[in-house]
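Taken from TrEMBL, the feature active site, nucleophile applies to Cys336. Taken from TrEMBL, the feature S-adenosyl-L-methionine binding site applies to Cys217, Ser218, Ala219, Pro220, Gly221, Asn222, Lys223, Glu241, Asp276. Feature annotation from TrEMBL assigns compositional bias 'Polar residues' to 12-25. Annotation comment: TrEMBL describes 128-402 as domain 'SAM-dependent MTase RsmB/NOP-type'. Under the heading region 'Disordered', TrEMBL lists 1-28.
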Amino acid sequence: MARHKSNAPPKLTQQPRKPQQSSGAERSALYARREAAKVLHTVLRGDAERRAVASIKSLVFSPSVRNKRGTFALVCETLKYLDVIKDETPSIGDAEKFLMRRKDALLSGLATLLVRKKVKSVEELLDLSQLNGHIKQRYVRVNTLKMDVDSAVKELEKLYKVQKDETVPDLLVMPPGSDLHAHPLVTNGRIFLQGKGSSMVAAALQPEAGWEVIDACSAPGNKTVHLASLMKGQGKIIACELNEERVKRLEQTVKLSGATSILLLPSFSVRAILLDPSCSGSGTVTDRLDHLLPSHSADNTNYDSIRLHKLAVFQKKTLAHALSFPQVERVVYSTCSIHQIENEDVVSSVLPLASSLGFKLATPFPQWQRRGLPVFAGSEHLLRMDPVEDKEGFFIALFTKTNNLDKPKASELPEGECRGRRKRFYPFLWPKVFFRAWNGRLHGSRR
């Protein structure tokens, strides 16, 4: 039987639609939104719990963040308009979609905010922030393990005006707003974006090539690798850090610098110690962008007083211990704080012990004009940076041993002091493989 051909038109099979590929700009924006959300979650939660976390800049410019510029802008703008966003957004749900649906309401809220602040534009509103009048120059430290200063100047001058700093030999000064975060010299570790106050700390210690030096509380590692540069890659630097997350950042910094003389272990034949312990960070509030956090506008007088006292207790103990290393000849104590309780008071409290061990206060950078507050004899040797005049607050004290022969024997010290030295334990002293101390708890055992 013959088959009849159908006159019906052939059915068209619908081809599956290929997923639309997002452009590079869209992917970059997506990364920025996701990464900004993570940063905001961390800093806002830490701020609400009054718990110390990394600064906004540290989180944004960590190696894991892909779109650093976009993330930084989103985080800052979100924090600036946090009050408006809180009033308009729900506590749960897809915040990004919600914000797009409520765009008109947010703009209306912004208009209300402009009226309340008695300004006419967003630019004028931003001028009211604490950044107003606090424009800083960009400082760049040359990693002389990989590049000489003149070569760095020649390369950077292709983009910006560059000057050599008058105080720190390997530090360069560039105009405010100079953006170098993605520059090849930064990404390959030939230069480091490091402030002047931070760069002065290692330079004040003046470590010599071949020495053994401890950097206590060393993460994120900028001062550690600066020590390696000053020592021309010779000798040994023992970098100590207890916090495991910060250890990862320290390792990344050391690897980027190319320094091979840095060990994450302590030793007891050191000649110099750089001690930059935890502090209030009050001298770098603007750099850290802490003024954008909700707690900054709240009344935290009592909380700040308690926190400063606890910090000062820790700072005094660590400085006293650093001075007690038998072969140490130089100790630098530094903070990025403006408070007397963390600076002059800490130094004054250890002076009797320092004197008994043969130490005296020396004068780092004699040409520097701003010195310590006149609260005890010898404070003129201390160095201060002013948040207004120098655009950041910093403090440096340099102890140098006058004569090793003058150091008293244990039998000549008061019995209480001898017992105290034998019993002291501080986190930066021991290898992490043996001890792990945190929040007053000790894990592991001493062999």
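Yeah, the Cβs are placed from backbone N, Cα and C, and that goes for glycine too.
Nobody curates TrEMBL annotations by hand; they come from automatic prediction.
Structure coloured by features recorded in TrEMBL.
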residue : record                               : CB count, 10 Å
Cys217  : S-adenosyl-L-methionine binding site : 22
Ala219  : S-adenosyl-L-methionine binding site : 23
Gly221  : S-adenosyl-L-methionine binding site : 26
Lys223  : S-adenosyl-L-methionine binding site : 25
Asp276  : S-adenosyl-L-methionine binding site : 21
Cys336  : active site, nucleophile             : 24
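In sequence order, Asp215, Thr224, Ala239, Arg246, Leu250, Thr253 are the residues of the same chain, not among Cys217, Ser218, Ala219, Pro220, Gly221, Asn222, Lys223, Glu241, Asp276, whose CB sits within 8 A of the CB centroid for the S-adenosyl-L-methionine site.
Taking every pair among Cys217, Ser218, Ala219, Pro220, Gly221, Asn222, Lys223, Glu241, Asp276, the residues listed as contacting S-adenosyl-L-methionine, the largest Cα to Cα separation comes to 13 Å.
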